Amino acid sequence: MAILSDLGTEILVPACAIVGIVFSVVQWILVSRVKLSPERHSLSNSSKNGTAEYLIEEEEGLNDHSVVHKCAEIQNAISEGATSFLYTEYQYVGIFMVAFAILIFVFLGSVEGFSTKSQPCSYNKGEMCKPALANAIFSTISFLLGGLTSLLSGFLGMKIATYANARTTLEARKGVGKAFITAFRSGAVMGFLLAANGLLVLYIAINLFKIYYGDDWEGLFEAITGYGLGGSSIALFGRVGGGIYTKAADVGADLVGKVERGIPEDDPRNPAVIADNVGDNVGDIAGMGADLFGSYAESSCAALVVSSISSFGINHDMTAMFYPLIISSIGILVCLITTLFATDFFEIKAVKEIEPALKKQLIISTILMTAGIAFVSWIALPSSFTIFNFGSQKVVKNWQLFLCVGAGLWAGLIIGFVTEYYTSNTYSPVQDVADSCRTGAATNVIFGLALGYKSVIIPIFAIAVSIFVSFSFAAMYGIAVAALGMLSTIATGLAIDAYGPISDNAGGIAEMAGMSHRIRERTDALDAAGNTTAAIGKGFAIGSAALVSLALFGAFVSRAAISTVDVLTPKVFIGLLVGAMLPYWFSAMTMKSVGSAALKMVEEVRRQFNTIPGLMEGTAKPDYATCVKISTDASIKEMIPPGALVMLTPLIVGTLLGVETLAGVLAGSLVSGVQIAISASNTGGAWDNAKKYIEVGI
């Protein structure tokens, strides 16, 4: 038996989730103390840096009321643009959710002809489980719950980011340290809200479903898997829609403004500048939030399903059964302590301290979490138990499960560090890309692509080692908890990730509000670190998605009763080839969408510069709204085909060609997709920071 009692588990999980929500509210209150209305500061204040604040106030024109008003106006425009985009996107996503929920209900219910009679359990034929109709209803409910939680996570993250961007700009006048703390605290609000909400909703859903299912744990946790599917379905649309929006606006703003007209980035004369700043929020905040939530929900559900048909589920050992949720709960507490290191224990005094501070967040959270996992594995698991392994039960020790979770956690740290090495302008890879620009754009493109391909090597080995360790010790359950290990510090990971777009927006607002060059230098330093952290966040998302996909693939193979996937069978090999092609098809669709949207944006920005008199001189205001509308319309329209490709391929292949071919398609797309994702993400991050490196003129 485990040391931790069932009652202890029932208190611990929701208590940690509530602590996470309370902590995020406290961080939000601290951010909201930065006022967006002009006011006299008491001149007796002395900052931590030992400099009297009023000296800096006079020097930076801190009491210039018009600057504060401008910041508030710009923030309002960005917030309105982001909110209207998300509302429009969510209307389309809502229609999809209802349609897909009906599909799930019909497919699952029709297995036994919408039977209301109890049926033999899938894995334990001697026991009777709840009817197919009940499983269809509860799976549909959990799918909708997962989808709604994902939407809420993305929306709240975007709201917080647009609330904090101008406040970060205003704090930058007092020094880089204060601006960093404001941006990081805002990121923490999003990170903790998402981690805590995801955990709490899942925990409440399990307990409500238990009222009906009673002792039928196999049926209960199979119905709960809909929660993960709902989360990742929304993430798909959030990521694609937000990505098309942000890149179309970015290309349009920079091509015409910087390249053709020679005006600075984020210059208020540029008609696409608001759309560009809105894009940072809908793509990198709302999209990334939904993305990481999807991986988090899926890994939790995959682990719960496998453990429900292992000795935990058969013996009704609730504490051991909830092991994945307890890991996430301890993760929230670990991230809370880690966040204090960035905001309260140490203060940043210089620009060069920003990136090390963010790197320390990853290291501290990983070390503390390793101890946390060891503690949880000791108190929540029996010393020996069995795990379901493709039809048989595998004997596993609690220390082996600790190593599985630890392997995922440390693989995440390695991916984070490698990503930082390849995308930060303090290291040679990005500096080489910057240097290659001396001979023109062609060599820059070649170096950038080569960097991305090379950056795949170590992360793939890290993922491979964690898969080998996890599977050797605890079969597919090991892989599911390894993915959870990688995501156990999700609150810190998201705080670091959200910090990037907030800093980017802060720099844009400083430029648009006409603040001094020194302030823009500070926000640029925050932003350069933010580009790297955004790439690190993507690295975590990709790594965890690879592990989750493999765990779900294992669940699919078990459920479809396929004993082996034989590559030499023509059906499977065809599937592998087609599956490996799918990520390229998907990427082609999204890139073409960005290209056509950017084309419209460039034409509109050129039209405004050519037809609005006094725009270049700064005496006339550009029409920001039209550019925002172009990005919104393009991304909403263009996100449907890639989404449909991903959602419908398994249904069509499985129905027409059978489960063996589908197994090949799923394996092929997983292997191919991970490589493309890592290389494309790191190439983009490297190019972005190479540009910053050249602009700073180091």
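In case you wondered, yes, glycine gets a Cβ from its N, Cα and C as well.
A quick note: this is a predicted structure, and the numbers were derived from the prediction, not measured.
Per TrEMBL, these features apply:
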type: TRANSMEM; residues: 12-31; note: transmembrane segment
type: TRANSMEM; residues: 92-111; note: transmembrane segment
type: TRANSMEM; residues: 131-158; note: transmembrane segment
type: TRANSMEM; residues: 179-206; note: transmembrane segment
type: TRANSMEM; residues: 321-342; note: transmembrane segment
type: TRANSMEM; residues: 362-380; note: transmembrane segment
type: TRANSMEM; residues: 400-423; note: transmembrane segment
type: TRANSMEM; residues: 444-469; note: transmembrane segment
type: TRANSMEM; residues: 475-496; note: transmembrane segment
type: TRANSMEM; residues: 540-562; note: transmembrane segment
type: TRANSMEM; residues: 568-586; note: transmembrane segment
Per the 3+ Cβ pairs under 8 Å rule, pairs at least 6 apart in sequence, do the transmembrane segment (540-562) and the transmembrane segment (400-423) touch?
yes
Restricting to CB pairs under 8 Å, which listed stretch, 321-342, 400-423, 444-469, is in contact most with the transmembrane segment (12-31)?
321-342
Any chance you could find the range in 179-206, 362-380, 475-496 with the most Cβ pairs under 8 Å to the transmembrane segment (321-342)?
475-496
